[in-house]
């Protein structure tokens, strides 16, 4: 099977609407991301419904806690059978290492474990507001390096950091990029954005795209256009 680069971010407060959308797209064309709102509303059974329909799921809950608690949450995600799960890199090396180690018994069936660096909505002024007098890119590099040293599979980062991180951390270190907007779509609340082709050319491995697909009149056609653009 082709390794789909597009991850569609589901953003619904109604489960029926979410599943109605999912039934309009092909599991071969993308993966799906389930975040905090949907998981809190609908729980693990919603993820199981997506699995029944043939989709791989990125469980985007950004765990951040003491090592014991965080690692057990990651193990619960593995038990659920998700393809990818993430933790906040700012939780530190011990937290990330514990989360990686708890997945070892799952072998090849384990989910990818990804670190979250700097949220794409954050600018330098936001970092300064929490006491970090550093440019977003510099902080991303610091946290991404810590993530790799902790043995994780990759990081979530903006496309602007992708090229630099690929060079710094190697081609095998996966880069998951939100803030992706196909040409002609609105910027929304993501501050650091790039088109799908630009992001892949910069080094991103997986592209998180939400409203430009979920709110499209023909989401399957939008997915096809994006995937076609990535093969040029």
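Keep in mind that glycine also has a Cβ here, set from the backbone N, Cα and C atoms.
Straight from Swiss-Prot, the features:
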| type | residues | note |
| --- | --- | --- |
| ACT_SITE | 62 | active site, proton donor |
| BINDING | 11, 33, 60-69, 120, 181, 190, 210-211 | substrate binding site |
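Locations of recorded Swiss-Prot features on the structure.
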residue : record                    : Cβ within 10 Å
11      : substrate binding site    : 16
61      : substrate binding site    : 19
62      : active site, proton donor : 18
64      : substrate binding site    : 17
67      : substrate binding site    : 18
120     : substrate binding site    : 22
210     : substrate binding site    : 20
Proximal residue to the residue listed as 'active site, proton donor' among binding-site residues 11, 120, 210 (C-alpha distance): 120
